[in-house]
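Peer 1: Below are the structure tokens for one structure; questions will follow.
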């Protein structure tokens, strides 16, 4: 982002040009040469009255006596330069009253903003049949989100299709465009198209998660269910079949059966009326619905497991109880099907095994942060690295191979990496789906940050704490995306490499940077 004066922006719009007009200065003209022969008197000269100033005919003639056009004086170029754009660094720079942030599109491959009727606290990326690892533009993305309306009866669960996602238009020819397929419309700066299909939802949606599908798996046929779960602020967890909503967006004239889609397939009542946020699916067996497992955690520190069978869903009644405060986030292990991690407002991160007796955690990190631990993310490429984000704005990376079992003697393990760039609580964090050293984070300071742990520190950074050098930019920080208010959640798109989607109070952003 760059900052510039809001007055400068107004001037550009008023005059319709990039910068303020340059001043024009006139050069001094030479005196005309006097004819020594004197003035020739024409006896038949016509008398013509004119309102214009008299013109010196001799001064307008060339050496050969031919009339020549009057030569205007050269215009001196103005020395006044347009205001320079300055990169805005959060924590170092402060926006003045008359300054605004402007995005620098030269560092984006693609960037779009989309408004919605009601703000969405949570969303999830849906799998499509358009192919994996796609690079061509324009492209399309599908997400599911739940609303936070001002009245409970007005809330909805919506499936969105974001289409016409063009590359960001840049000035001049970019070397990066070389080698693109001929005919690819990669330089049109058009608005994206946002379409949606909705069903009513009782209460606001605290979190929504879609059934995971294995990579390279096509979208399920419309005859098979594609499940999504919602954590409602009413204390209920609902499971929905959203496959007909996707079909309705893609197939003109398609209408779904209300009995299948407009009401939840199953409602989990294990939490009573206790509200919650933590939720994650696990699936082993691909599209086989009998292998689905869903974990949900509430603000009263309890975690419940719900499993699916060929005949439906079964909510287990015995909770997992090791946390002493609100469960904020849950993640299944990507390598061990019976293991999951959770984080809590009790400042701890706990590791569980659903096979253990007593429903207690088997190991943990306590304390993992100075304040509440809001979010976690398990690295799906390594299987042992875990990210955590705290209320104090800190991001920490843990190697679970160094964590002691619960009850074993030993000090609290140290994180393998720690960053305190954000100046407000971390609201979302997620590892890149294929790059094992890259992750994205968002904070209540209105920033989305991209990081790469594989970047080595500069010599002057080694041994220097970030707390001792406020405002210093760590080498691992690849990119800072700004412009949204009150960012709640971010996700990488698993089928469009490097693409990040974020939701905030003022809608969705979808972007891809030159950094990832």
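These residue numbers are counts, starting from 1, taken along the chain as shown.
Here the Cβ of each residue, glycine as well, is placed from N, Cα and C on the backbone.
Okay, so TrEMBL annotates it like this:
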type	residues	note
REGION	1-67	region 'Disordered'
COMPBIAS	33-55	compositional bias 'Acidic residues'
DOMAIN	98-166	domain 'Histone-binding protein RBBP4-like N-terminal'
REGION	161-189	region 'Disordered'
COMPBIAS	172-189	compositional bias 'Acidic residues'
REPEAT	320-362	repeat 'WD'
REPEAT	366-408	repeat 'WD'
REPEAT	419-453	repeat 'WD'
Peer 1: Taking a Cβ cut-off under 8 Å, which residues six or more beyond the ends of the repeat 'WD' (320-362) line up next to it in the same chain?
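Peer 2: Beyond its ends, the repeat 'WD' (320-362) has Cβ neighbours at 276-282, 284, 293, 295-305, 368-380, 383, 386, 388, 390, 398, 400, 403, 405-406.
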Peer 1: Mind checking how the repeat 'WD' (320-362) divides into helix, strand and coil residues in DSSP?
Peer 2: 3 helix, 18 strand, 22 coil
Peer 1: Note the mean pLDDT of the domain 'Histone-binding protein RBBP4-like N-terminal' (98-166), expressed as a whole number.
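Peer 2: A mean pLDDT of 93 is what the predicted model shows over the domain 'Histone-binding protein RBBP4-like N-terminal' (98-166).
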Peer 1: In the repeat 'WD' (419-453), how many residues does DSSP put in helix, strand and coil?
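Peer 2: The counts are 0 helix, 19 strand, 16 coil.
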